[in-house]
Each structure stands twice: as C-alpha cells, then as structure tokens.
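A.B. asks: Per Swiss-Prot, the feature transmembrane segment maps to 5-25, 37-57, 72-92, 104-124, 164-184, 205-225, 239-259, 276-295, 302-322, 337-357, 414-434, 466-486 (among others); the stated evidence is sequence analysis.
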Amino acid sequence: MQNAPMTALLPDALVMAAIVVAWLIDTFVGPNSRRTTYFIALLSTVVAGIWFAIDALTPGAGPQYFFSRMYVVDPFASVMKAVVSLGYAVSIVYSRKYLEDRGLYEGNFFLLGMFSLLGQLVMISGNNFLTLYLGLELMSLSLYAAIALRRENAPSTEAAMKYYVLGALASGFLLYGISMLYGATGSLELNEVLKAVASGRINDVVLLFGVIFIVAGVAFKMGAVPFHMWVPDVYQGAPTAMTLIVGGGPKVAAFAWGLRFLVMGLLPLAVDWQEMLVILAALSLIVGNITGIVQRNVKRMLAYSAISNMGFVLLGLLAGVVDGKTGAAASAYGSAMFYSIVYLITTLGSFGVVMLLARREFEAETLDDFKGLNQRSPVFAFVMMVMMFSLAGIPPAVGFYAKLAVLEATMNAGLTWLAVLAVITSLFGAFYYLRIVKLMYFDDPVDTTPIVGDACKRTLLALNGVAVLVLGIVPGPLMSICLNAISHTLPL
C-alpha cells in the first residue's frame, strides 16, 4: 500500500510532539520544569506504547508505507515499538530517585532519552538503508550525550568517549557497506535491494564486502564479540540510570534493525551472512559467559551478561535459513524476537534493583552490596532472584523458555554443535547469576538498614518480577504475537 493513511504515524508523532513541548518547557521555565518534563516523558511514552500495542494486536494489519516507502508500519514494527516505548517509561520510573540524589533530575536526561527513543522508532520502522542509518545515529548521538551528562565524573566522560569513538568507527563500517550495496544494486530501499540481489545479476565480490561491513556494524550495535569492547566500560562507567537506558531499548531496536538489514534486504545472501553470525554468536557466548565469572562489579557483570544474551539473539537470527530454504524462518526469527523482548524485561528488573540499593553518594555496584539483601527487603531480594533465574535460564522464569525456543531453532537448522556450545557456556554463566542469589539469601548484610523505595517503584518492580514469572509459566501468547508479527512482515 503506497498511500497509507497518516493516522498510522500518530503514536510516532506523539513522541516527537512530546520532545518539542518538553524542550520548550525546559528552555523557558528552567529548573522548575524538571517535574513537568518527567511527567511529559512518562505520559507520552506510556500512551505511545499502548497505542503501538493496540496497532500490533489489530487483526489483518499489513505493511503501510510512508515518505516514498522509506518508512513502514507493520505488525513487527508495532510490537517492537510498543516494547521499547514502554521499556523507556519503566526505565525513567526506576531512575527518578537515583537521578534526584545525584543532581541529574533535569530536562536534559529526559530529552536525550526521548531523542534516543525516537531514533529507536525510526530504526525499527526503516524501510530504506538511509532511514535505518539516520535512526541509528539519532539514537547513538543521544546516548553519547546522556552518558556524559555528569561532566565532572571521570568514569562517565571516559565511557562516553569510548562509546563515541568506537561508535563512529562502526558507523563508518556501516556507511561503507551501504555505499557498496547501493553501488551494486542502484537502490537503498530494502524491497528493491532484495529483488536486485535475488536476480543474481550483481557483482558477488561487491555484495560480499558490503555484507561484511554491514554485519560488523550490526554486531557493534548489538554488543557482539569481537565488537563488544565498549560494552563493559560503558555499563560500568555510566551512571546506572544511563546504563539502563543504553542496555534496555537500544538492544531491542538493534535486533529489529539487524533483522531489517539482513532479512528484509539481504535474505538471498543468507548463506554468506549466516557464516559470519555463527562466528559472532559463538564468540559472544564464550566471552560473555566465561569473562563474567571473574567480575566483582555487578554492572560490569551484567555487561558481559548482555554480550552472552546477544549471542542467543544471533543464534535465532542465523537459524532462519537452512540450506537456502526459509521454511523454518518464521519460527527462528520469532524466537529471536521473543528472546530480545524477554531480555529487555529482565534487564529492567535487574537494574531497577541495583538503583534501588544505591543512595546519595553511594553506588551499589559490587557483589558485597547484595549480601543479606533478603534480610533488608525480602520482596526486592525475591525480584532480583527471579531476574537472575531468568538470565540463567532456570524455570519457571521466562528466560528458560526463551533460551529453549532459540536452542530448538538452532537444532532445527542443523547447528547442533552451536546449540551444545550455548548450553555449556550457559552453565558457566549460571554460576555468576546464582552467586548473587547466594549472597542475597545466605550471607550477612554489610549494611542492615532496611530498604524502602517509593510506592510507585516498589509496585513496578513487583509487577516486573511477576511478569517474568507469568511469562515463564504461560509464554504462549507473547510467542504467538512474535510469530504473527514475523509471518505478516518479512519476505518469507
């Protein structure tokens, strides 16, 4: 459909309008606008997220194209946009007290976060290599600035510089790859590139080099090995509120962005990029799970956890095509989509507890800070235990089903050795997740002060934990949504 009704873009426009309104209020009202800016960001993203969710659940919705087919609204985009929008809303609720204690409760944080969210929306709905790239840069530039908000804090500025320099390098790779694909196919639109590549009348060498550079760019944004160097330093160096913004929605958007690039644009070259993803996935699983064992800083440990989890997402991406056939593609890509959503939900809960333990002039970042948490707050200790079980893949947490679905897709693709590697490395990873559980329940607390968070945050954290358990017991509805979105969107 070429001339789709513009009403399909209203939730995206709502986020843009909220940015403009919040920016004007923050500029002309000043410090007194902090509370207003927070509520504008929260309300707009919750409404947009619910709107996206309603669109995603509307039966019979097909792709709708806008702006000369550069932007697409389809079931896949609606689901992922709902996830990142609601994920951002939860992030700022968890971050509020943390920001107030550190003098960061200001419009800049919320504005940069919303600009990052807008970039994620563009990444998810991009139907053109240029649109996908612009969405990526809008997201990335906002995150660089957000990480460096504490200019007087050396670790924060160092983390921002590392992220910026390596991000610029990855953007260069990506642009070079896109330019080679454009030179070979004569188009930047995903559908046209797909047709041109499928025709087989294009220089294979140019295509292969283009794919290599694009895969490198995708791997960097997902934090996959060997393009992971920025992840541990950024997670540890940035204030925890910024770490959650970086490690939450952008990971989901990066997966959606990679799916658009590789599947919607370069599916005929699946044999080529699959081989590269196999290497990236294997390295990510090994490095993420084994290196995480020796970490004493919880944020750095969760960074290596993110790397290993992106390895699982890559498993789902590479398992979609078997011997050039796409019969099992919907199941594989649906499992990867399900995994990325589950990872976001679990990450929100994990960092929510980390920020809950932090207080003015104190960061709860070491393993010792979790000792005896059950004695200080049984509810929050239970929530953290559920999150660790999910990350480790222990039932009944939803992480178990997510890992099982990806492993099944990998086995069906004939990559048994890779599935076995994933299981073995996950056993290593389970050690550092269960170590936190042991510290919370079997060690004496260093600080016996009871933990009391605000009512909103307590309620949201409890719901976060319940969601992980309920989805683990009844994963079918969410998996069905993912499979439906994939089957009605991708060229399978």
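Here the Cβ of each residue, glycine as well, is placed from N, Cα and C on the backbone.
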A.B. asks: What else in the chain is close to the transmembrane segment (276-295), if you only count residues 6 or more beyond its ends and a Cβ gap under 8 Å?
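C.D. replies: Residues packing against the transmembrane segment (276-295) from afar: 211-212, 215, 219, 224-226, 228, 301, 304-312, 314-315, 317-318, 415, 418, 421-422, 425-426, 428-429, 431-432.
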A.B. asks: Is it true that the transmembrane segment (104-124) and the transmembrane segment (37-57) have 3 or more Cβ pairs under 8 Å, skipping pairs fewer than 6 apart in sequence?
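C.D. replies: Result for the transmembrane segment (104-124) with the transmembrane segment (37-57) is yes.
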A.B. asks: Output the single range from 5-25, 37-57, 205-225, 239-259 maximising the number of Cβ pairs under 8 Å to the transmembrane segment (466-486).
C.D. replies: 37-57
A.B. asks: Among 5-25, 72-92, 205-225, 302-322, 414-434, which stretch has the highest count of C-beta pairs below 8 Å with the transmembrane segment (37-57)?
C.D. replies: 72-92
A.B. asks: Please determine whether the transmembrane segment (239-259) and the transmembrane segment (72-92) are in contact (criterion: at least three Cβ-Cβ distances under 8 Å, sequence separation 6 or more).
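C.D. replies: These two segments touch.
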A.B. asks: Please identify the stretch among 5-25, 72-92, 302-322 with the greatest number of Cβ pairs below 8 Å relative to the transmembrane segment (205-225).
C.D. replies: 302-322
